[in-house]
Amino acid sequence: MAEHGRKSVWGYVGIWGVLVVLTVATWLLGTRGHLGHWSLPVALGIALTKTALVAMFFMHLVEQPGARRVVFPVSALFLALLLGLSLVEAMTRVRMARPDGPKALEPVRPASTRTAPPGSPTRRVGH
Amino acid sequence: MNPSTAGSLAEPTYLNHETTVRSWLLTRDHKRIGVMFLVLVISALLLGGVFAMLLRIELLTPGPTIMGPMTYNRVFTLHGVTMVWLFMIPAIPSAFGNFVLPLMLGAKEVAFPRLNLASVYIYAAGAALTVFGMVWSGADTGWTFYTPYSTTSPTAVTPILLGVFIIGFSTIITGLNFITTTHTLRAPGMHWSRIPLFVWAIYGTSVIQVVATPVLAMVLVLVALERVAGVGIFDPTRGGDPVLFQHMFWFYSHPAVYIMVLPAMGVITEVVCAFSRKNIFGYRMIAASTFGIAFVGFFSWGHHMFVSGQSTFGSGIFGVLSMLVAIFTAIKIFNWVATMYGGAIDLKVPLLYVLGFIFLLTFGGMTGVAVATTSLDVHWHDTYFIVAHFHYIMVGSVLMAFLAALHYWWPKMFGRLFPERWASVAACTIIFGFIVTFLPQFLLGNMGMPRRYYQYPSEMQWLNVLSTAGASLLAFGFGLIGLYLVWSLRYGKVSPANPWGSRGYEWFSASPPGPHNFREPPRFEREVHDYTVSEAPHVF
Ligand code: HEM
Ligand SMILES: [Cu+2]
């Protein structure tokens, strides 16, 4: 990190500025941007950057070599493990229990209707 | 100081330098905290044991015996919750870890003594809330709280979830404390390559505790939220994914089985050395395999979900990764056996438990590899085969190691010897009773008896009767241990400072140790368990 060891108030204000810019970027992405498949990864990337900035500077982790070199990477590794393997599993699942079979996948319908309660018009069991 | 009085019993010990109740309740002495934890976890063991006996009595006959089906569901839940969350996870680290880890490092205290005291009270509060939930209306979800049932069950799941959540904090605090203590409070001469293997085991466990427990806390809170506020995270009728619960739950709970087993392995390592009069074979490999197990243990949680609707691809990956754990476990087993080989074996009570441990761990581990094979697990999943697998490995190892530790460190903790003859009888009863209880369950499971059912076809009765008979033997063995240990507190022979002639570093302190562990800071000038030197020169 370029700002290593920065202590002055202006440093914090600068970081705050960066956070505001990133927030605005997220908002623009959600309302104007048309990134399609990429919108989720980009939004998550921005969120991660913001998290790292807050943790490093506002929580002063940048001044803690132990945290920076060991705790941070290890936590990131395990988080990646949990989220990664769970996501891989969810993405490769054969949806036997899906009400309308594997043909109609997410993009067609809003996620909120994915598993409608039995008896509702969007749920057809066994055609 | 006059050397001839060194180690005499007139010295104040941590037990008698202050005796008020207040001095115990507000103590910051890791030894007293260890003793408090010991009392608490043994109470949990008793409670869980009573539930276990009720279950086994119910299963004596194919139909209803002493309770109704709903009660049965609650009793097995209470048994599992108490045993797993209140006994097996905290037992060895919180009781024995607290007591001997600082002694082994030559430290006066743990790094954060007040936090250590807090962890006792947090544990007690969590346990109280859990027991309150049980008394209030029980829970019928099993110890795993699987959704969506746990989010809809009308029983008192919420207080029990919160109780377990609170106990998690105690676990995290204890883990942090041990990690910091190991890093910062080692006595002169204690290099990383001299750290006793029990400490390495506790250290590895602490890392898992700190990394994994927050995930458990999170998932328990989410279930509680779903119950209380109706948030749709796991319940499919609200748009949730029940398999997600299983991912998050087992991401903690698979490593949690190593939270239970690694400290047990640490105890076994110490006891094997002390009673074979040899240094451990392959110190580095044992320490390294601890971390191998801890690390790989995080990659295998999906083997609990083979029939959950998880993707076949996911199951394949998790099955293969699970088998890696067996390699590291085997390293340890071979090293213990190699340590005993050619040693001057002294078959005292703690070593009896070690033999039980090695047998049960090997057998349980091999059935683990079997159930990690996806095709076989489809047949065995949720049958008594699984119950037998995890009792063999988990209960077999934690209980054996707990009893080994209790007997090995009893003179250190209380300055008294227990009656060796009675203790050997109890040890043989326990090991034999254990095998009689759980071996038939492999057969039952293979015949297709589902777990958590309270009725079964009458062809299965004889195996169930055998299992109950074994459980009665176990209960008898425990009764015996309780009797002679309590007896020895008062009437047992006063123990010399190092009754086993062990070279473990913790025996450098008096037995029982003084309030500050050592009169002068010890210097560790030899390897731990180095039997080429004559007896530890003097007690510090
Ligand atoms: C080190 C000690 C181990 C402990 C303490 C342990 C503990 C457990 C527990 C508690 C369960 C049952 C969970 C439940 O559903 O209530 C279980 C199931 C299982 N274990 Fe182990 N285990 C150990 C080692 C292993 C190893 C080495 C393997 C694989 C190589 C393995 C594979 C499995 C599998 C596949 C299941 C799930 C079976 C099923 O539910 O169908 N275990 N184990
Ligand atoms: Cu597992």
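Using the three backbone atoms N, Cα and C, a Cβ is placed for every residue, glycine included.
Those TrEMBL annotations? Automatic predictions, nothing curated.
According to TrEMBL, the feature domain 'Cytochrome oxidase subunit I profile' maps to B:18-525.
Feature annotation from TrEMBL assigns transmembrane segment to B:33-55 (among others).
Cβ atoms under 8 Å from those of the transmembrane segment (B:75-103) belong to residues 30-31, 33-35, 37-38, 41, 44-45, 47-48, 51-52, 54-55, 58, 67, 109-110, 116, 119, 123, 127, 130, 134, 138-144, 160, 163-164, 167, 170-171, 174-175, 178, 181-182, 185, 198-199, 202, 205-206, 209, 256, 259-260, 263-264, 266-267, 394-395, 398, 401-402, 405, 409, 412-413, 452, 505-506, 508-509, 513, 517 of the same chain, restricted to positions at least 6 beyond its ends. Per TrEMBL, transmembrane segment is recorded for B:75-103 (among others).
Here TrEMBL flags B:115-136 (among others) as transmembrane segment.
Long-range contacts of the transmembrane segment (B:156-179) within the same chain, counting only residues at least 6 positions beyond its ends with a Cβ under 8 Å from a Cβ of the stretch, are 81, 85-86, 89-90, 93-94, 97-98, 101, 110-112, 115-116, 118-120, 122-123, 125-134, 136-139, 141, 145, 150, 202-203, 205-210, 213-214, 216-217, 220-221, 223-224, 227-228, 259. Positions annotated as transmembrane segment by TrEMBL: B:156-179 (among others).
Counting only same-chain residues 6+ beyond the ends of the transmembrane segment (B:200-225), those with a CB under 8 A from a CB of the stretch are 93, 97, 101, 145, 147, 150-151, 157-158, 161-162, 164-165, 168-169, 171-172, 174-176, 178-179, 182, 231, 233-234, 245, 248-249, 251-253, 255-256, 258-259, 262-263, 265-267, 269, 286-287, 290-291, 293-294, 297-298. Summarising the annotation, TrEMBL assigns transmembrane segment to B:200-225 (among others).
Residues annotated as transmembrane segment in TrEMBL: B:256-275 (among others). Remote same-chain residues near the transmembrane segment (B:256-275) are listed as 88-89, 91-93, 96-97, 171, 196-202, 204-205, 208-209, 212, 216, 286, 290, 293-294, 297, 332, 336, 339-340, 345-348, 350-351, 353-354, 357-358, 361, 390, 393-394, 397-398, 400-402, 404-405, 408, 500-504, 528-529 (criterion: CB distance under 8 Å, separation of at least six residues from the stretch ends).
Sequence annotations record features per position, and here TrEMBL assigns transmembrane segment to B:282-301 (among others).
Annotation comment: TrEMBL describes B:313-338 (among others) as transmembrane segment.
Tertiary proximity for the transmembrane segment (B:350-372) is limited to same-chain residues at least six positions away from its ends with a CB under 8 Å from its CB atoms, namely 261, 264, 268, 271-272, 274-276, 300, 303, 319, 322-323, 325-326, 329-330, 333, 336-337, 380-381, 385-386, 388-394, 396-397, 400-401, 403-405, 407-408, 424, 427-428, 430-431, 434, 442. The transmembrane segment annotation in TrEMBL covers B:350-372 (among others).
Residues annotated as transmembrane segment in TrEMBL: B:384-410 (among others). Beyond the transmembrane segment (B:384-410), the same-chain residues lying 6 or more positions past its ends with a Cβ under 8 Å from any Cβ of the stretch are 83, 88, 91-92, 96, 99-100, 257, 260-261, 263-265, 267-268, 270-271, 274, 349-351, 353-354, 356-357, 360-361, 363-365, 367-368, 371, 416-418, 423, 427, 430-431, 434, 437-439, 441-442, 444-446, 449-451, 481, 485, 488, 500, 506.
Within the same chain, residues 56, 349, 352-353, 355-356, 359-360, 367, 384-385, 387-389, 391-392, 395-396, 399-400, 403, 407, 463-464, 466-467, 469-474, 476-478, 480-481, 484 sit at least 6 positions outside the transmembrane segment (B:422-442) and bring their C-beta atoms closer than 8 Å to a C-beta of that stretch. For B:422-442 (among others), the entry in TrEMBL reads transmembrane segment.
Beyond the transmembrane segment (B:462-487), the same-chain residues lying 6 or more positions past its ends with a Cβ under 8 Å from any Cβ of the stretch are 49, 52-53, 56-57, 59-60, 403, 406, 410, 418-419, 422-423, 425-427, 429-430, 432-438, 440-441, 443-444, 447, 456. According to TrEMBL, the feature transmembrane segment maps to B:462-487 (among others).
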**Asked** Looking only at residues six or more beyond either end of the transmembrane segment (B:313-338), which have a C-beta under 8 A from one in the stretch?
**Response** 265, 268-269, 272, 280-282, 285-286, 289, 292-293, 296-297, 299-303, 305-306, 354, 358, 361-362, 365-366, 368-369, 372-374
